[in-house]
């Protein structure tokens, strides 16, 4: 999916799970704030919201016995490894890659669990 401009969650990213959609909005906001201010504080905040969201989402998958939990968790872990490797100020290329990752992850990976959690 194309990166939304301005960079924000839109109904195109709706998973049908309000708690997950709310957290996805926070992820978009976190990356947008990081792109605007690009401080260590904003980087730490972005890492924190991604960590919390992935924990919540994966917990929901486990409780629902979602068949692709391990595969999905591995994808999350790969992105977290990338984010934790960022240093402030985060280069624009890395920010763009992170924004693209999120904008693509939701419709290509998260949509797979629609109706299954």
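The backbone N, Cα and C atoms fix where each Cβ goes, and this holds for glycine too.
Residues annotated as Fe cation 1 binding site in Swiss-Prot, with similarity to another entry given as evidence: 24, 53, 57, 110. With a 10 A radius on its CB, residue 53 (Fe cation 1 binding site) counts 19 other CB atoms from all the protein chains.
Under 8 Å, Cβ to Cβ, and six or more positions away along its own chain, residue 76 (Fe cation 2 binding site) finds 54, 57, 58. For 57, 72, 76, 105, 110, the entry in Swiss-Prot reads Fe cation 2 binding site.
The distance from the Cα of residue 72 (Fe cation 2 binding site) to the Cα of residue 24 (Fe cation 1 binding site) comes to 16 Å. Scoring each of the binding-site residues (57, 110) by how many neighbouring Cβ atoms lie within 10 Å, the top position goes to 57.
The Cβ of residue 24 (Fe cation 1 binding site) lies under 8 Å from the Cβ of 9, 13, 15, 53, 106, 110, each on the same chain and at least six residues away in sequence.
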